[in-house]
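Just below is one structure, and these are the notes that go with it.
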Amino acid sequence: MTGTSWPGESRVPEEAARSGSGDSRPPARSPEEARASTGPTGNRLTVLSGPSGVGKSTVVAELRRAHPEVWLSVSVTTRKPRPGETHGVEYFFADGDEFDRLIACGELLEWAEFAGNRYGTPRTPVLEKLAAGVPTLLEIDLQGARQVRATMPEALLVFLAPPSWEELEKRLRGRGTEPEDVIARRLAAGRVEMAAEQEFDMTLVNTSVQDVCHRLIALMADAPEASRPGRSPS
Ligand code: 5GP
């Protein structure tokens, strides 16, 4: 994140050392997380997850456009920007050393390695938004969703599923932004993610971006009822 000031810094290195995919121990739950996973107005943290290529970022882009009242966490990644991606908008792009520093300083709520790159959620902005009662959404992978489940059990975990496996493969290849070996790694990760659907509170099938957004907003607005398990084609 060279050249970008960081919004708030917590410093809990011993806690951070237990986070992330490189360690099987559950991440520690700080008092702030315990308090913040349900905000004062009843807004809960919502996590959107699902296999790479399913369309999470398209859904998030549509949410940004149509529902500016929802705050979307901007993750940090060591992945290189794709054409059209802007530092601070889709991601904060960081090098490996910077990412190490964020872990060591306890600045990541969760983090994971995915298809050869690392991704993490900045902790402080999420806790601040929840404390202020702002509906807050994380778009993260399965490993990250599991960490959030462990540290903030009240969070609503939503799984975005493709209409079919063939469709997922088609979308991933059709993006045309990754070489074949990266696509293969993402498909392998996708199989693992698809097998974990039952760990989530709710599944939305991505047949239409607008419908998924509509249902997601309804779930976030009505989180307690929405957390009943179920599968819902959009
Ligand atoms: P992409 O490289 O396609 O933008 O993202 C690859 C994967 O990383 C996606 O499944 C996306 O949801 C996930 N991801 C993005 N940000 C985060 C994050 O902050 N934490 C975790 N655990 N996964 C993330």
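In case you wondered, yes, glycine gets a Cβ from its N, Cα and C as well.
Over in TrEMBL, the protein carries these features:
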- G50, P51, S52, G53, V54, G55, K56, S57: ATP binding site (BINDING)
- 43-221: domain 'Guanylate kinase-like' (DOMAIN)
- 1-53: region 'Disordered' (REGION)
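Known features from TrEMBL, placed on the structure.
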residue	record	Cβ contacts under 8 Å, 6 or more apart
G50	ATP binding site	K56, F159, L160, A161, P162, E193, N206
P51	ATP binding site	P162, L168, R186, A189, G190, R191, E193, M194
S52	ATP binding site	F114, A115, D141, L172, R186, A189, G190, E193
G53	ATP binding site	P162, L168, E169, R171, L172, R175, R186, G190
V54	ATP binding site	L160, A161, P162, L168, R171, G190, N206
G55	ATP binding site	L160, P162, R171, N206, V209, V212
S57	ATP binding site	E90, E139
Quick one: of the binding-site residues P51, S52, G53, V54, G55, flag those whose CB is under 6 Å from ligand 1, and say none if nothing qualifies.
S52
K56 (ATP binding site), number of other Cβ atoms within 10 Å:
19
Which chain neighbours of the ATP site, leaving out G50, P51, S52, G53, V54, G55, K56, S57, have a Cβ atom within 8 Å of the mean position of the site's Cβ atoms?
L160, P162, L168, R171, N206
Given the model, what does the mean pLDDT over the domain 'Guanylate kinase-like' (43-221) come out as?
94
